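Let me begin by presenting the structure, written as structure tokens, before commenting on it.
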Amino acid sequence: VTWDGTRDRECPRNWSLSRKSLVVLSSSLLAFIVGFGSSIFAPASPELTSEFGVSVTVSRLSVSLWIIGLGAISGPFSDIFGHRLALAISMLGLCLFQLPAALATNFQTILISRTVAGTFGSSISFIIPRIYTDLYSPIPRSLALTASIMAFHLGTTIAPLVSAHLLASPSPDGSPPWRWLSWLILLLAGPVSLFAILFAIPETSTPILLKRKARRLRLQTGNWALHAQSEEAPTIQRRLLLQTYLSKPLHMLTTELLLSLFSLHLGIVHGVTYLILYAIPFAFQSRGWTTTQSHLPLLSVALGGILAGLAATIPLSGLPKLWRRGLGTESTPETRILPTMILGSVILPLGLVWLGWTSNTHWLVQTIAVFPIGMGCVFVLAAGTAHVLEVFGTHAESALAGHLVVRGLVSASFPLWVGDIYQRLGTGWASSVVALGCLLVVPVPVVFWVWGRRIREGGRY
């Protein structure tokens with residue numbers, strides 16, 4: 001049993017534009033919530049340090065351990081039982097583990113709760129691209145993926161601003177205000193998750209849908225020989241799933257130069273997304289701003305990310321065909337996607353240097369400086385992820401699993417050392433050091449833009 005061409009309305013690729021758009025919108029809302037939850041504890045270090053007697057660096061583990069989130073472990077479950085159920089369990093786990101975090105009487109409980117919640121939540125970084133792969137061909141998939149990455153970035157940058165205001169205000173029940181950070185995540189995630197999973201996001205997994213179709217046809221026709229390919233040899237399939245998500249990602253990371261370098265590059269940029277949540281308040285508090293006021297420039301970062309997400313739709317959609325024809329180049333993943341990644345890779349360090357060396361100018365100048373940081377992060381993350389998915393094709397699941405693990409491990413380290421480097425070097429030199437690190441990986445997309453096709457042809461995957 002397979003799909004009956006373009007007229008088969010059960011096939012996700014044939015769904016209406018409105019139905020697909022609702023899936024993308026709902027998925028992006030979930031991405032926003034996961035990003036929001038990942039960074040909401042960033043301003044809470046002083047409160048956690050004071051209440052539990054831990055160091056500032058240790059208190060920032062409440063952010064880092066969420067970021068690590070080994071979401072790729074949801075891969076086998078998603079393939080066996082479907083993306084919708086995997087998504088439901090991910091969001092349910094994220095919601096449930098806000099309870100022990102909010103009610104914690106020791107710091108260890110907070111760390112364990114945040115780690116588990118982050119692991120559940122980060123599963124959407126793996127599941128959502130799989131859903132979009134079911135719905136779209138590569139070009140529109142890149143656009144949908146950009147929307148969700150933009151939403152994740154927006155949640156990540158807005159959350160510290162919200163939490164800074166919560167921490168500066170008395171809580172409704174008289175408890176320490178930091179407890180309401182977890183309650184807020186639960187209040188946001190619960191209703192949105194229920195709406196998205198019950199009403200907006202149907203099952204999109206082709207093997208699962210074909211199983212259902214085969215079962216229905218057997219009942220309708222009485223022909224019990226009808227079956228879907230995924231119903232054959234389930235034991236062997238489970239063995240292949242373990243290979244797909246365990247041994248194969250490791251092998252690809254060690255043999256595919258593109259995957260290893262892109263994972264490192266995107267890990268650094270993803271880390272910068274969290275680094276600026278500490279660097280920007282530090283820079284503006286040196287002007288004498290209060291903690292709450294010093295988080296307001298994060299709005300500029302958020303606006304930069306939104307603009308980047310909208311602007312990226314032009315090259316990622318393949319619209320500049322006439323421009324490419326004029327240059328005599330054909331449309332390939334390299335020519336369509338990587339210019340956006342290169343642009344973001346250049347803009348990001350420029351924004352960091354601008355932020356670092358404008359502390360003695362008018363506050364508006366430094367606020368504008370963080371705008372290109374938001375743009376650069378979204379450009380790189382959206383284009384880089386889209387490129388990995390498109391280039392590896394049928395091996396995309398394994399590539400994405402390995403990529404997300406490396407990206408999480410690299411980026412999770414940033415909140416732990418950002419405080420020390422800014423305290424010791426000051427805003428100017430610390431931002432310059434980070435900018436230098438970002439500059440070192442600029443050649444990565446450039447090399448693959450020029451020689452990527454040749455490198456791909458020589459690769460195993």
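Numbering starts at 1 and runs along the chain as displayed.
From the backbone N, Cα and C atoms, a Cβ is placed for every residue, glycine too.
Those TrEMBL annotations? Automatic predictions, nothing curated.
Per TrEMBL, the features are as follows:
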type	residues	note
DOMAIN	23-455	domain 'Major facilitator superfamily (MFS) profile'
TRANSMEM	21-42	transmembrane segment
TRANSMEM	85-105	transmembrane segment
TRANSMEM	111-132	transmembrane segment
TRANSMEM	144-168	transmembrane segment
TRANSMEM	180-201	transmembrane segment
TRANSMEM	257-284	transmembrane segment
TRANSMEM	296-316	transmembrane segment
TRANSMEM	337-357	transmembrane segment
TRANSMEM	363-386	transmembrane segment
TRANSMEM	429-451	transmembrane segment
For the transmembrane segment (337-357): best-contacting stretch of 21-42, 85-105, 111-132, 144-168, 363-386, by Cβ pairs under 8 Å: 363-386
Cβ-Cβ under 8 Å with the transmembrane segment (363-386): same-chain residues at least 6 beyond its ends: 129, 141-142, 145-146, 149-150, 153, 157, 262, 265-266, 269-270, 272-273, 276, 280, 283-284, 287, 297-298, 300-309, 311-312, 316, 337-338, 340-341, 343-352, 354-355, 403, 445
The transmembrane segment (111-132) in contact with the transmembrane segment (21-42), cutoff 8 A, at least 3 CB pairs, sep 6+: yes
Two-stretch contact, the transmembrane segment (85-105) and the transmembrane segment (429-451), at least three Cβ pairs under 8 Å: no
Tertiary contacts of the transmembrane segment (257-284) (same chain, 6+ residues out, Cβ under 8 Å): 38-39, 42-43, 60, 63, 67, 153, 156-157, 160, 164, 291, 293-298, 301, 344-345, 348, 352, 355-356, 359, 363, 366, 370, 373, 376-377, 380-381, 384-385, 387-388, 391-392, 399, 402-403, 406-415, 418-419, 422, 427, 430-431, 434, 437-438, 441, 444-445, 448, 452, 455-456, 459
Local confidence of the domain 'Major facilitator superfamily (MFS) profile' (23-455) - pLDDT mean: 91
